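Right, one structure below, let's go through it.
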Amino acid sequence: MEQEICVIGFSGGQDSTTLAVWAKKRFKKVCLVGFDYAQKHSVELECAQKIASLLQLPYEIIPLDFLENITHSALFKNSNDLMGHSHAQNKDLPNSFVPNRNAIFITLLHSYAQKLGASNIALGVSQADFSGYPDCKEDFIKSIEHALNLGSNTAIKIVTPLMFLSKAQEFQMAKDLGVLDLIIKETHTCYQGERKILHAYGYGCDKCPACQLRKKGFEEFQAML
């Protein structure tokens, strides 16, 4: 186990929960940080709080509800846009994309890491099985790590152990870590905030892009067994 502190961007979803369990086994102290950005699926914050308690890890929520006032996304509570279409600001991106969201998240995590004296920030981003978001790619993560360290005269590392894992491989990782049941029953991925129906892969509407990606990954995981 590394004798260092690690700050995790934590949504209460499959990726960040798997990441939190992984980090807990590797770092002396792990701190979870969530963001309330007026997302439709704000139920994820409730799930994150419960998971943090189950994992016995400290959890902070940073309010960022101003985001919906400065940019567009179908993920915002007040948006009437239906998922599955092109973004109003960039036709090459899905409308669930929140421009600069990860840049803002990572900047705040970097600041918080400095306050705690943390040497590491861990993110559950993946470019192997993602939703078409450019701010989940390795080149972006490496670039912002370099820029933030230059701007703060620091050497904080951003670790992304899920970067090249598919959703199926993430389910396998959760199984290997002994938390597959936790991932299925407690984490939240659905963009519509659906928590009434438990599918084999977890709760969700079974229709939005996030549910479809998770469902596909679980089916591929089952085929691997």
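Glycine residues also receive a Cβ, built from the backbone N, Cα and C atoms like all the rest.
According to Swiss-Prot, the ATP binding site annotation covers PHE10, SER11, GLY12, GLY13, GLN14, ASP15, SER16, THR17, THR18, LEU19, ALA20. Here Swiss-Prot flags CYS190, CYS205, CYS208, CYS211 as Zn(2+) binding site.
Sequence features, as recorded in Swiss-Prot, placed on the structure.
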residue : record              : DSSP class
PHE10   : ATP binding site    : coil
SER16   : ATP binding site    : helix
CYS190  : Zn(2+) binding site : coil
CYS205  : Zn(2+) binding site : coil
CYS211  : Zn(2+) binding site : helix
Euclidean distance between Cα atoms of SER16 (ATP binding site) and CYS208 (Zn(2+) binding site), Å: 19
Rounded Cα separation (Å) that holds between SER16 (ATP binding site) and CYS190 (Zn(2+) binding site): 14
Of the binding-site residues listed as CYS190, CYS205, CYS211, the one whose CA lies nearest the CA of PHE10 (ATP binding site): CYS190
Environment of CYS190, CYS205, CYS208, CYS211, the listed Zn(2+) site - residues of the same chain whose CB lies within 8 A of the CB centroid: THR189, TYR191, GLN192, GLU194, GLY204, ASP206, LYS207, PRO209, ALA210, GLN212
Other same-chain residues whose Cβ falls within 8 Å of the Cβ centroid of PHE10, SER11, GLY12, GLY13, GLN14, ASP15, SER16, THR17, THR18, LEU19, ALA20, the recorded ATP site, in sequence order: ALA48, ILE51, GLY124, THR187
Spatial neighbours, same chain, of ALA20 (ATP binding site) - Cβ under 8 Å, 6+ residues apart: ILE8, PHE10, VAL30, LEU32, ILE51, LEU55, LEU57
CYS190 (Zn(2+) binding site) and GLN14 (ATP binding site), distance between Cα atoms, whole Å: 11
CB contacts for GLN14 (ATP binding site) [other CB atoms within 10 A, all chains]: 26
Fewest Cβ neighbours within 10 Å, where candidates are the binding-site residues CYS205, CYS211: CYS205
Top Cα neighbour of GLY12 (ATP binding site) in the set of binding-site residues CYS190, CYS205, CYS211: CYS190
Long-range Cβ environment of THR18 (ATP binding site), under 8 Å and at least 6 residues apart: GLY124, LEU162, GLU170, MET173, ALA174, LEU177, VAL179, ILE183
In the chain carrying CYS190 (Zn(2+) binding site), residues 6 or more apart in sequence that have Cβ under 8 angstroms from it: HIS41, TYR203, GLY204, CYS205, CYS208, ALA210, CYS211
